[in-house]
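Visitor: Among the features that TrEMBL reports, active site, proton donor is placed at Lys102. What TrEMBL lists as substrate binding site is Lys66, Lys90, Ser344. The feature NAD(+) binding site is assigned by TrEMBL to Thr185, Asn216. As annotated by TrEMBL, site 'Important for catalysis' applies to Asp142.
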Amino acid sequence: MNALAATSRNFRQAARLLGLDSKLEKSLLIPFREIKVECTIPKDDGTLASFVGFRVQHDNARGPMKGGIRYHPEVDPDEVNALAQLMTWKTAVAAVPYGGAKGGIGCSPGDLSRSELERLTRVFTQKIHDLIGTHTDIPAPDMGTNSQTMAWIFDEYSKFHGHSPAVVTGKPIDLGGSLGRDAATGRGVMYATEALLAEYGKSISGSTFVIQGFGNVGSWAAQLIHEKGGKVIALGDVSGTIRNKAGIDVPALMKHRNEGGQLKDFHGAEVMDASELLVHECDVLLPCALGGVLNRENAPDVKAKFIIEAANHPTDPEADEILTKKGVVVLPDIYANAGGVIVSYFEWVQNIQGFMWEEEKVNMELHKYMNSAFQNIKAMCKSQDCNLRMGAFTLGVNRVARATILRGWEA
């Protein structure tokens, strides 16, 4: 099942639990706006190249729309639609005043020079500048984009609308980016893990962890879990899969990787088969990379007691059912990886106020938001008699539905 079908299915289940009016249910699923633009640029060799850029704006009942911009050759409209919709529910679960959006450009960023990427970003911004904005739609980095991409969007947008740092988040610190933004998703994952384990009388300290993915989210989650006394016993990414029963020395691994080393060449662990990673014996499994990695083939063999969905949509609905029957507790992506959008919200607030926060305040506020969201999900699970995924979805959908009704959706 693809991401759009799975997200829509979860939404419909939540709508049924909440007893939503069928017309309202349909209205909440339909995107507010879908934008498609042609972006033609001169390449460094003088030839012209054309790329398709797009933006799906899903819902703005609770506030301006928010979501990443990705640069990837296989940009799938269905997946983007699903991720825009997921952002609507995720921002509502996290109680930040946004709706959902997502977008990008169909290109291979690795094949373009820095100056070509800059030209492409600026042309894309010129095409959509009147459809995004500080109080309309606020992009952020995603796959294939980074803080530099956001800096170019901010600069190009400001040519049309005056100095507007709050038009994008995930900017460089020197241009109004927030301290703590880089670690935000990984730190949010750690706070979510803490909250869930505490519910079962456990803590990160003394628990064993398996982490799939060692990019931004996976590496920060691993470092922070290690600092809290958690034991990361297996870890994998595209450069290799490794394990150490006694616990991997995460700071040493980070040093190895930052010096250009690959996971498989790290001396403090043994290489293992990548296919065994997700079914490795552990207390907590953290999929931090791709979607759809837990499916009906491998779900029966999962040995973890808890799964924290740090990636978007890592568990297929079929795997979800199998894991539930096995008694595995799954903390859904819609909550578990919300740390990034929460700190993006803090960045936006700081830019609007023109008053920047200390990193300690950013982390303290993030902890507060993650804890509060977990308590609200738990309360929803109790009132609706459902699992954590449905608890999170009903919480998010209910908040958006209430905002939509209060604003007068039938007028």
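Just so it is clear, glycine is given a Cβ too, placed from its N, Cα and C backbone atoms.
Predicted automatically and left uncurated, TrEMBL annotations should be read as such.
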Visitor: Just checking a number: largest C-alpha distance across Lys66, Lys90, Ser344 for the substrate site, rounded to a whole Å.
Guide: 13
Visitor: Could you tally the C-beta atoms, other than its own, that fall within 10 angstroms of the C-beta of Lys66 (substrate binding site)?
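Guide: If we count other Cβ atoms within 10 Å of Lys66 (substrate binding site), we arrive at 29.
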Visitor: Near the Cβ of Lys102 (active site, proton donor), how many other Cβ atoms are there if near means within 10 Å?
Guide: 29
Visitor: Express the distance between the Cα positions of Lys90 (substrate binding site) and Asp142 (site 'Important for catalysis') as a whole number of Å.
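Guide: Rounded to the nearest whole number, the Cα-Cα distance is 16 Å.
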Visitor: Can you list, in sequence order, the residues of the same chain other than Lys66, Lys90, Ser344 whose CB lies within 8 Å of the CB centroid of the substrate site?
Guide: Gly67, Met87, Thr91, Ala94, Val96, Tyr98, Gly100, Ala140, Ala338, Gly340, Val341, Ile342, Tyr345
Visitor: From the recorded positions Lys102, Asp142, Ser344, pick the residue whose C-alpha lies nearest to the C-alpha of Thr185 (NAD(+) binding site).
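Guide: The answer is Ser344.
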Visitor: Taking only the Cα atoms, work out how far Asn216 (NAD(+) binding site) lies from Lys102 (active site, proton donor), in Å, as a whole number.
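Guide: It is 19 Å, counting Cα to Cα.
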Visitor: Filter the recorded positions Lys66, Asp142, Ser344 down to those whose C-alpha lies within 10 angstroms of the C-alpha of Lys102 (active site, proton donor); answer none if the list is empty.
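Guide: Of Lys66, Asp142, Ser344, within range: Lys66, Asp142.
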Visitor: If you count the C-beta atoms lying within 10 Å of each candidate's C-beta, which of the binding-site residues Thr185, Asn216, Ser344 ends up with the smallest number?
Guide: Asn216
